[in-house]
């Protein structure tokens with residue numbers, strides 16, 4: 001007699017089921033309504049088909065309301081789309097169709113590429129397939145059978161995929177009616193469970209296996225959600241994101257541009273560079289009390305990168321150079337043929353600075369900060385404005401401390417990161433601890449100690465925030481050289497951006513032989529903590545532009561005020577107003593052109609000037625100003641002195657404002 005299966009339910013109850021019982025059987029044993037709404041099961045956290053036989057462990061019944069169902073909905077939608085394409089265009093080959101963030105795609109081999117006009121036809125056919133409600137059924141095929149069947153269908157890409165599957169691994173074939181595909185699964189019970197909350201978004205070209213030497217395929221992107229409301233919200237967010245696109249706003253605001261001769265590197269215009277320098281100046285002030293700002297070389301011999309390990313595990317992302325003479329005159333035996341690398345990271349340089357001279361435990365912690373320009377190779381297709389570049393500035397720091405100082409340093413870093421984000425208006429922050437990956441350096445004892453310290457720090461962060469900061473664990477997601485905190489912030493339209501990190505490093509100090517002299521006069525390896533707040537300054541600026549939709553806070557804006565006159569009779573007074581604001585430290589331009597005032601206001605609104613001061617005869621006579629804010633129809637009239645005082649306060653960076661307020665409070 002077969003042994004019974006023991007299942008533990010989320011409420012802690014334990015029940016036995018006969019061997020061979022499926023997930024659907026378990027759901028039906030609870031209620032018919034649950035069985036009807038169930039789309040899959042999870043055994044010990046692993047999502048499986050509802051039709052799979054259950055095994056001993058902790059079971060969860062997954063319904064469409066479960067967040068994990070979203071990946072299944074999108075996965076199944078990709079299969080339905082592939083079937084729809086082959087019904088509409090027989091002879092089209094299917095290749096791969098994974099789930100991606102917020103959706104899915106499928107790559108097809110088709111004689112003529114898809115056009116946007118094809119998408120509504122495919123959507124209509126998908127709805128027909130969903131209405132058929134064909135069950136997803138799974139079969140295990142032999143390698144020979146799979147190759148034979150797919151070859152007979154003319155699916156050469158599937159034959160290649162079968163060959164790539166390791167020997168001894170099951171080949172799963174999922175059927176939905178007469179259509180089938182090679183797939184690892186899992187899937188929901190039927191095509192009907194996909195629902196109709198989906199939309200095909202765009203078509204694109206893609207090389208097979210991402211290799212430009214291979215055939216160009218035709219890719220269709222789609223999105224799918226649990227219900228129509230979620231789909232509508234997502235489409236609204238996309239529309240908002242398009243309006244906020246920093247590349248579009250960057251052109252309108254005359255901040256920066258890119259060009260073919262420098263792919264992935266920014267050409268900063270005057271206004272854009274002013275914002276960049278404002279961010280750097282702000283960060284520099286925030287670090288002044290606790291950090292030494294250093295600067296390590298951008299170009300270093302590859303021998304250093306071999307020692308650090310970057311040349312071995314990061315080489316494909318690095319740029320290497322040698323002298324132009326050596327490259328163009330290989331026959332010259334006297335030429336310097338050494339190969340140098342543009343630094344992709346600042347950390348090895350900071351270790352060299354720490355190592356220069358003997359360090360005592362009494363000097364620790366030593367905190368080295370740098371606004372270091374780094375270069376990393378990115379495929380041209382992955383480049384995306386300021387968000388994904390090849391050359392960028394990191395607000396990097398490395399703390400060298402004792403084991404006992406690690407917790408206090410991590411908390412100090414956390415306080416600084418959260419304070420910076422708050423100054424830029426970000427309130428919703430998530431802090432997650434990434435723990436040891438399978439492949440790593442350092443002993444288990446070192447990892448145990450570091451993870452224990454960082455777990456306690458995470459608990460302290462959560463407790464101190466009184467619920468304002470969300471925390472979590474990312475098992476196995478740590479760097480190979482140590483555990484790390486990841487800081488993710490949410491912007492004005494709900495998108496999440498991972499920016500800050502705090503990483504413990506067991507690797508570099510050992511590789512470079514870094515040490516300090518401890519209280520017993522022994523050489524001891526320091527704990528090294530990598531820390532970034534903005535991460536890439538360029539990317540953070542892009543996030544700010546999109547978060548504020550170009551309506552930058554006055555203290556960040558490159559051009560803070562435009563003084564525009566209604567009549568030439570007010571030009572002299574307008575100049576006086578502009579000079580008063582400039583004397584107070586604001587960035588001001590004047591617009592005394594012979595144009596209508598509404599035209600001037602519209603023009604400066606397009607370039608996102610936050611404050612427009614309008615001066616006419618009345619204002620000149622009364623020594624007042626008329627203030628108009630970007631995005632508002634309201635007008636505020638006030639005296640010149642009061643306006644200067646008010647705008648000066650608003651244009652003062654928050655860190656400077658806090659210091660002034662604290663000084664004032666102390667004096668009182």
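A Cβ is built for glycine as well, from the same backbone N, Cα and C atoms used for every other residue.
Binding of Zn(2+) is attributed by Swiss-Prot to 347, 530, and within the candidate set 269, 310, 398, 604 the record adds 398 to that site.
Within the group of binding-site residues (398, 530), the Cβ with the highest number of other Cβ atoms inside 10 Å belongs to 398. The Cβ of residue 347 (Zn(2+) binding site) lies under 8 Å from the Cβ of 308, 396, 398, 505, 508, 528, 530, each of these being in the same chain and 6 or more residues away along the sequence. Residues 347, 398, 530 make up the record's Zn(2+) site, and a Cβ search at 8 Å around their centroid adds 345, 346, 350, 351, 396, 397, 503, 505, 508, 528, 529, 531 from the same chain.
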